[in-house]
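Have a look at the structure below, then the notes.
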Amino acid sequence: MSDITVEPIGKQMEKLILDVQQEIVAGLEAVDGQKFFQDKWTKGEGGYGISCVIQDGNVFEKGGVNTSIVQGKLNQDAVQRMRANHEGIDRTAKELPFFAAGISMVIHPRNPMAPTTHLNYRYFELVNSDGKKIWWFGGGADLTPSILFEEDGKHFHKLHKEACDRHDPTFYPRFKKWADEYFLIKHRKETRGIGGIFFDDLSEKDPQELFAFVKDCAHTFLPAYVPIMEKRKNMEFTEDDKEFQLIRRGYYAEFNVMYDRGTWFGLQAPEPRVESILMTLPLHASWRYKYEPKQERHKALLKVTHTPIEWC
């Protein structure tokens, strides 16, 4: 018999997100030249997290890389919503114990030539009243440019496809399509950006296999995003470009407060940490009545957000 003891997945995920958080913060600080403010917080029985935030940076107008490790009991409303995707959840329970560990990041650059980006990876488990554990992974990463550079979209998607392919060749086509559907701003009838990968309620393989997949994807972010930022952060732009960026930021805010699952879950949790949950919102955004894009490069983005394309 082997003497090797494998840590519970929840503990492995906790360590991973804390490591990835500091890795990403260091990588983005190298791009910006300004440090992130790191705010460690605690909550309830052993719950804690670290909010790493940059605001009014040299390159990044606003951004945050947050981790949270929380446990407690889900209220009946949250339990009911989760039952839709998990048949095994106890239908008679009014509340259930849960554990969640996740990392969430949104970065809004100053320069409209540089894309906003988002990342989220999480592990969730519930314990039914009979003691049975129900678990799943969720997450993904996506790119939201204002000015579309096809080479950036190809690079970002290519690296995430390679990460997916190392674990299951069906993952990228499935999760790319899922991202296109999930990031749809329904009332606008267009997507938030140019997608990436997205998955949720993922429990179809051994948990250790899925953890390895999530770990690979999480470490893919910096090489997928930093080269794009280095090319775009100092490019010249016009007032029209900036106006278009602010309009797109408004769309971003609409999606996050109306449709984003993480925002909804965070605000439903007992005593939500609102500052961290709403960290995803841009510092500045704009809504103009009957706005029409003025330049062809702005219209080029809309072709892709209205009809998502294959990038690789």
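Heads up, residue numbers simply count up from 1 along the chain you see.
Placement of Cβ uses the backbone N, Cα and C atoms for every residue, glycine included.
Residues or ranges marked as region 'Important for dimerization' in Swiss-Prot: 53-62, 252-288. Summarising the annotation, Swiss-Prot assigns substrate binding site to Ser104, Asn120, Tyr121, Arg122, Glu271, Pro272, Arg273, Val274, Glu275, Ser276. According to Swiss-Prot, the active site, proton donor annotation covers His118. Sequence annotations record features per position, and here Swiss-Prot assigns site 'Important for dimerization' to His187.
On the structure: features taken from Swiss-Prot.
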residue : record                            : DSSP (3 states)
Ser104  : substrate binding site            : strand
His118  : active site, proton donor         : strand
His187  : site 'Important for dimerization' : coil
Glu271  : substrate binding site            : coil
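The least crowded of the recorded positions His118, Arg273, judged by other CB atoms within 10 A of its own CB, is Arg273. The Cβ of Glu271 has fewer other Cβ atoms within 10 Å than any other of the binding-site residues Glu271, Glu275. A straight line from the CA of Arg273 (substrate binding site) to the CA of the residue listed as 'active site, proton donor' spans 19 Å. Overall, the recorded substrate-binding residues Ser104, Asn120, Tyr121, Arg122, Glu271, Pro272, Arg273, Val274, Glu275, Ser276 cover a maximum inter-Cα distance of 22 Å. Neighbour list (Tyr121 (substrate binding site), Cβ cut-off 8 Å, at least 6 residues apart, same chain): Ile17, Val20, Gly102, Ile103, Phe137, Gly138, Gly139, Gly140, Val214, Cys217, Ala218. Residue counts for the region 'Important for dimerization' (53-62) by DSSP state, with H, G and I taken as helix and E and B as strand, are 0 helix, 6 strand, 4 coil. A Cα-Cα distance of 30 Å separates His187 (site 'Important for dimerization') from Glu271 (substrate binding site). The separation of His118 (active site, proton donor) from Glu275 (substrate binding site), Cα to Cα, is 17 Å. Between the alpha carbons (Cα) of the residue listed as 'active site, proton donor' and Ser104 (substrate binding site) lies a span of roughly 8 Å.
Looking only at the region 'Important for dimerization' (53-62), the predicted model's pLDDT averages out at 98. In sequence order, Gly64, Val65, Asn66, Thr67, Ser68, Leu119, Asn120, Arg122, Gly262, Met279, Thr280 are the residues of the chain that are 6 or more apart from Ser104 (substrate binding site) and have a CB within less than 8 Å of its CB.
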